[in-house]
Amino acid sequence: MKPSIILYKTLPDDLLHRLEAHFTVTQVPNLHPETVARHAQAFASAQGLLGASETVNRALLEKMPALRAASTISVGYDNVEVDALTARKIVLMHTPAVLTETVADTVMALMLATARRVVDVAERVKAGEWTESIGPAWFGVDVHHKTLGIVGMGRIGMALAQRAHFGFTMPVLYHARRRHQEAEDRFNARYCDLDTLLQEADFVCVILPLTAETRHLFGATQFARMKSSAIFINAGRGPVADENALIAALQNGEIYAAGLDVFEQEPLSVDSPLLNMSNVVAVPHIGSATHETRYNMMACAVDNLIDALQGKIEKNCVNPQAAG
């Protein structure tokens with residue numbers, strides 16, 4: 001008899017068939033309490049859980065006594081109570097490698113769009129304001145040869161450093177929990193403390209997960225330390241930056257511009273002051289959002305769950321200690 005799983009994300013037919021070859025699959029639209037109650041028997045017997053974006057917490061786990069593995073279609077897992085899973089000896093699988101290059105492309109796009117004011121001037125053209133040869137009021141700033149500061153030198157940070165170093169001849173600074181010798185060897189990246197990075201970088205790019213330590217790591221003090229010509233890019237998690245402090249820094253001219261893929265509350269409120277600032281490029285958490293990468297993430301998550309329920313957790317496991 002096949003193990004049973006709960007699927008709370010729509011998958012392409014080929015990936016669904018791959019799951020069904022190994023498991024009895026119950027598809028649900030979400031993990032809301034009313035959904036769990038409606039499918040109580042399926043949740044109670046499920047050994048696997050696969051999906052994205054929904055909260056996985058102790059209350060849900062109480063309804064899933066047979067659960068052995070959860071697989072998230074994401075690299076981040078701040079919506080999952082990992083400690084609760086580990087305490088129950090439930091492994092959590094994620095998809096870190098398949099989105100690296102695509103997210104780095106997004107960060108680079110935000111750097112270019114903010115520096116060259118692409119969104120702002122494109123909207124002005126559409127509004128009929130381009131009536132003569134443009135002057136300084138339409139100009140942006142260069143990206144090439146400027147100093148890039150990366151906060152969080154993981155896979156995505158490395159991919160960004162590669163683009164900046166080889167493609168744009170940018171000196172690279174980085175701050176992370178530990179030094180990254182490969183980044184220093186390949187890209188001549190210089191490790192420094194956060195204050196030094198903030199004071200020297202022309203672009204401050206944040207690629208951090210959300211933890212107790214990183215929440216509001218960037219606040220009024222940090223923005224005040226940045227150059228008035230600096231551009232702030234956040235492509236990690238929204239709450240890593242205090243959004244009110246960022247808004248104030250932009251309004252007061254403490255920094256030049258911001259490119260934001262993530263926000264403290266998502267979707268971003270239509271009343272947010274950020275949406276009225278011509279020096280802000282705000283996009284709806286599109287970091288990995290290409291057809292190719294999202295398919296690859298789903299395929300990876302499917303394979304992760306198949307492997308995990310066969311006891312294979314050598315790669316992509318967040319909490320391997322849970323299997324011990």
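Each Cβ is built from the backbone N, Cα and C atoms, and glycine gets one as well.
Owing to the predicted nature of the structure, the values given are computational and were not obtained by experimental measurement.
Swiss-Prot lists R237 (among others) with the feature active site. Around R237 (active site), the same-chain residues six or more apart in sequence whose CB sits under 8 Å from its CB are G76, D78, L208, P209, L210, T214, V262, listed in sequence order.
The active site annotation in Swiss-Prot covers E266 (among others) and rests on sequence analysis. E266 (active site) falls outside any helix or strand according to DSSP and counts as coil. The Cβ of E266 (active site) lies under 8 Å from the Cβ of G238, P284, H285, each on the same chain and at least six residues away in sequence.
If you look up Swiss-Prot, you'll see H285 marked as active site, proton donor, on the strength of sequence analysis. When secondary structure is read from DSSP and collapsed to three states, H285 (active site, proton donor) falls in the coil class.
H285 (active site, proton donor) counts 17 other C-beta atoms within 10 Å of its own C-beta, drawing on all protein chains shown.
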